[in-house]
């Protein structure tokens, strides 16, 4: 699984897949991951399509015992370097995030996640649009 084969296009990741055969990340932390997509000749079963397949684990939202609100826990073993979930929400500017953050702080809950890979320009706000990942940052 190292080189681009069978119509796969790992693209800018030096022609190496980001994942091993089990779907675990095998590249150095902090490097971007380029998955195959509609521009590839490969199919949905391509091992270079992990995040786009969504959550594959049984997860549970629960009320924390320490008064921190809601949290998420797994109901099954998750192997190291495995994709668990994508943080989903509305993409907003950092300026809008500052404004919303002040409101959220007064309400006692915030769902902001900065996208600072290249520049600190955008933030994901999961307050109104999201998935189970919305509860991870509270536990």
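Glycine is treated like the rest: Cβ placed from N, Cα and C.
The Zn(2+) 1 binding site annotation in TrEMBL covers 8.
Here TrEMBL flags 9, 36, 40 as Zn(2+) 2 binding site. The Cβ of residue 36 (Zn(2+) 2 binding site) has 24 other Cβ atoms within 10 Å, all protein chains considered.
Annotated Zn(2+) 3 binding site per TrEMBL: 36, 42, 46, in sequence order.
Here TrEMBL flags 8-54 as domain 'Pre-SET'. With DSSP states grouped into helix (H, G, I), strand (E, B) and coil, the domain 'Pre-SET' (8-54) comes out at 3 helix, 3 strand, 41 coil.
Marked as domain 'SET' by TrEMBL: 57-139. The DSSP breakdown of the domain 'SET' (57-139), given as helix, strand and coil counts, is 21 helix, 23 strand, 39 coil.
Spacing of residue 40 (Zn(2+) 2 binding site) relative to residue 46 (Zn(2+) 3 binding site) is 10 Å (Cα to Cα, whole number).
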